[in-house]
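See structure below.
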Amino acid sequence: MLDNHTIAIVKSTIPLLAETGPKLTAHFYDRMFTHNPELKDIFNMSNQRNGDQREALFNAICAYATNIENLAALLPAVERIAQKHTSFNIQADQYQIVGNHLLATLDEMFSPGQEVLDAWGKAYGVLANVFIQREDDIYRSTETKTGGWSGVRPFRIVNKQLQSSVITSFTLEPTDGQPIADFQPGQYLAIYIKHDSFANQEIRQYSLTHAPNGKSYRIAVKREAQGTVSGYLHDTAREGDIVHLAAPHGDFFLDIPTDTPVALISGGVGQTPMLGMLHTLKQQDHQAKVLWLHAAENGTAHAFTDEIEQTGQALPHFDHHIWYREPQQTDRPGEDYHHSGLMQLASLKGELTTPDMHYYLCGPVVFMQFVAQQLLAMGIPAEQLHYECFGPHKVV
């Protein structure tokens, strides 16, 4: 526990942090990667270049300083980050490295004096221990469960299939032929790739797109403009190639009784965790209403269309609505899609305000914000909305 004097000192630095903004974390990351370049094998350097990770860390530091007297308010964020950390195989000793560079950054940018540095050192130590303990629990659970493992495990690509103009799916089986760990629908895999064309090892996380079967995993990857890993997987990876995976992780997953109505709402490649949820609902013989709402650019970018329709038909109360932002001439209204333009939900208010319905959202942040605002305006309680951001977390 932190004493009141330490808490007061940390809180007194909040205005300075807010004024500095993400320049603080830019300095931190530049310093850390200069002194500990081996950490480039863990961090997504694309997120460093576009500033997303720097912004996310800055927001996390400010949130911690603001809530330092109420750590319970941070527990959802701690769980989300701990799940990501364990997929990256973060170890306890790496927290010491991060802490050293954080304090050095504060000193180099602000020269706040030893009392402030000592207070932040204590505060960081408390938070680091929270993460270390939670991550240790996750590691033990992952390793000891049926089919589980620690670290990474080699898998073979047994099927590679183009699902749309921008999305390709990969089915992966363990090279040792042994069982693999089950997962919650909506969770993701971390894939570790080393290639001669890469400056560093690259780790990416991709949602699982099927229900657990104990034998294989399936992910789907969107080709990103200038994406290092997505470009490699689309253009270079072949069936028979070996990749290394961490066990499934993630705090965004379907967890409702079979009599609870659910809406699965996605934009673009955000449908991938929803697809895993849909297959699981079928596997569980879900009896309540299931709404599938999806927005795509057009028919060429719309993936898994037949699979979704066939899976939905096996559910007793399934309905779906598809939006194409800019339909092509070959896209058939009423068959390929039902609405054009953005996902406007007013016409579906009767279906969406079903009592006790839960809503799962995934897609671009602006898409999820747009949808969430509409749902909240309908009077839907915020606690019934669940969402996942691909990449560094942002508030919807």
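Placement of Cβ uses the backbone N, Cα and C atoms for every residue, glycine included.
Residues or ranges marked as domain 'Globin' in Swiss-Prot (evidence: sequence analysis): 1-136. Swiss-Prot lists Tyr29 with the feature site 'Involved in heme-bound ligand stabilization and O-O bond activation', giving sequence analysis as the kind of evidence. Feature annotation from Swiss-Prot assigns site 'Influences the redox potential of the prosthetic heme and FAD groups' to Lys84, Glu388. Summarising the annotation, Swiss-Prot assigns active site, charge relay system to Tyr95, Glu135 and lists sequence analysis as the type of evidence. Sequence annotations record features per position, and here Swiss-Prot assigns region 'Reductase' to 147-396. According to Swiss-Prot, the domain 'FAD-binding FR-type' annotation covers 150-255, on the basis of sequence analysis. The NADP(+) binding site feature in Swiss-Prot is assigned to Gly268, Val269, Gly270, Gln271, Thr272, Pro273; the stated evidence is sequence analysis.
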The rounded CA-CA distance in Å from Glu388 (site 'Influences the redox potential of the prosthetic heme and FAD groups') to Gly268 (NADP(+) binding site) is 13
Counting only residues outside Gly268, Val269, Gly270, Gln271, Thr272, Pro273 in the same chain, those with C-beta within 8 angstroms of the NADP(+) site's C-beta centroid are Ser207, Ala220, Lys222, Ser266, Gly267, Met274, Leu275, Cys362, Gly363, Phe390
For Pro273 (NADP(+) binding site), the same-chain residues 6+ apart in sequence with C-beta under 8 angstroms from its C-beta are Pro185, Gly186, Gln187, Tyr188, Ser207, Leu208, Thr209, Phe252, Tyr360, Cys362, Glu388
Glu388 (site 'Influences the redox potential of the prosthetic heme and FAD groups'), DSSP three-state class -> strand
Between the C-alpha atoms of Gly270 (NADP(+) binding site) and Tyr29 (site 'Involved in heme-bound ligand stabilization and O-O bond activation'), the distance in angstrom, to the nearest integer, is 29
Summed over the domain 'Globin' (1-136), the DSSP helix, strand and coil counts are 113 helix, 0 strand, 23 coil
DSSP puts the residues of the domain 'FAD-binding FR-type' (150-255) at 8 helix, 45 strand, 53 coil
Taken over the region 'Reductase' (147-396), the predicted model's pLDDT averages 96
Among the recorded positions listed as Tyr29, Lys84, Glu135, the Cα nearest the Cα of Thr272 (NADP(+) binding site) belongs to Lys84
